[in-house]
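Enquirer: Have a look at the structure that comes next, please.
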Amino acid sequence: MDWVRKKNPLIHCITNDVVTNFTANGLLAVGASPVMTANHEEVEEMARTADGLLLNTGTLTPYQYEAMRLAAQAANENQTPIVLDPVAVGATSYRTRVVQAFLEGVHVAVIRGNGGEIAALIGMHADMHGVEGKSDQPPEMLAKEAANVLGTVVCVTGERDAVSDGKHTYLIKNGHVWLSRVVGTGCLLGAIISAYIAAKGTNVDLSRSATEALAQYGLAAEDAFARSKDEGIGTFQQRFLDSLGWINDDHCHGKINVQQV
Ligand SMILES: Nc1ncnc2c1ncn2[C@@H]1O[C@H](COP(=O)(O)OP(=O)(O)OP(=O)(O)O)[C@@H](O)[C@H]1O
Ligand SMILES: Cc1ncsc1CCO
Ligand SMILES: [Mg+2]
């Protein structure tokens, strides 16, 4: 996260009610600055001043959808990168329909979701259980297929994570299963990918930047588990924020488990 700490990017988040506080604290921990607003009166102006825009559909309403559209148009005009987290797409027909329609009108740099959400987004079979979702496809195949269909970088997360831009595909094995026992760790990851690509710049390879962000996030979780396993997931959540606060390139040296596939 060295680049994020050096650049201190401002990340405008239009995200869900469940994870707002956790997302803001996680962004601060890695050295980014969060701002949350979906107010139609100001959302375009805020998106224009931000270095990155995060859109997360976790508790999507028609009002919030319109805010996302306005902010995304302003971000596209400014060439500010957008990260989309299509939470629970596939769980209801409303979400699937509106997120697919949204993607027809705007360009997003990165889409990050679990296997079910990404599969549903491209019309493949998805096994959804509310906000949790799985696909029967291996994550690297799904990420590559979705990247080609959607014309963006796609990150598929789960037990193993995969990132693809359609040409280059990476498999990331860092992380810990306890991440799936704390709500919003996927949502925070989307925000941190946004901070990472905003800090590194959009003229560097986005799939590599996203892969680095995922690997460092996973390593922070491994470290947090080692320091909380005797306590439980409440302590893990706190230790995870602690680890995000100090994880850096030096710490990651030799511990990154990434393969190009
Ligand atoms: N079984 C697992 N083993 C290791 N890491 C996991 C596992 N499941 C999820 N993760 C990690 O948890 C993080 C969140 O990914 P996940 O796929 O659970 O997101 P999500 O379903 O969108 O979560 P949420 O909706 O709660 O934000 C990622 O860093 C991912 O690598
Ligand atoms: C539990 C939950 N419900 C809507 S959004 C959200 C946070 C995790 O995605
Ligand atoms: Mg999710």
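Using the three backbone atoms N, Cα and C, a Cβ is placed for every residue, glycine included.
What TrEMBL lists as substrate binding site is Met36, Gly184. What TrEMBL lists as ATP binding site is Arg112, Thr157. Residues or ranges marked as transmembrane segment in TrEMBL: 178-199.
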Enquirer: Tally every other Cβ atom lying within 10 Å of the Cβ atom of Arg112 (ATP binding site).
Expert: 31
Enquirer: May I ask you to report the DSSP-based helix, strand or coil state of Gly184 (substrate binding site)?
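Expert: In three-state terms, Gly184 (substrate binding site) counts as coil.
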Enquirer: Sorry to bug you, but what's the C-alpha spacing from Gly184 (substrate binding site) to Arg112 (ATP binding site), rounded to the closest Å?
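Expert: Distance between the two Cα atoms comes out at 13 Å.
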Enquirer: Looking at Cβ-Cβ distances, which residues of the chain lie under 8 angstroms from Thr157 (ATP binding site) while being 6 or more apart from it?
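Expert: In sequence order, Arg112, Gly113, Asn114, Gly115, Pro139, Gly186, Leu189, Leu214 meet the Cβ cut-off.
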Enquirer: Could you tell me which of these binding-site residues, Met36, Gly184, has the greatest number of Cβ atoms within 10 Å of its own Cβ?
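Expert: Sorting the candidates by Cβ neighbours within 10 Å, the top entry is Gly184.
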Enquirer: Where ligand 2 binds, which of the binding-site residues Met36, Thr157, Gly184 are close by, with Cβ under 6 Å?
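Expert: So the answer is Gly184.
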Enquirer: Please check the binding-site residues Met36, Thr157, Gly184 against ligand 1 and give me the ones with CB under 6 A, sequence order.
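Expert: Those binding-site residues that pass the cut-off, since their Cβ is under 6 Å from ligand 1, are Thr157, Gly184.
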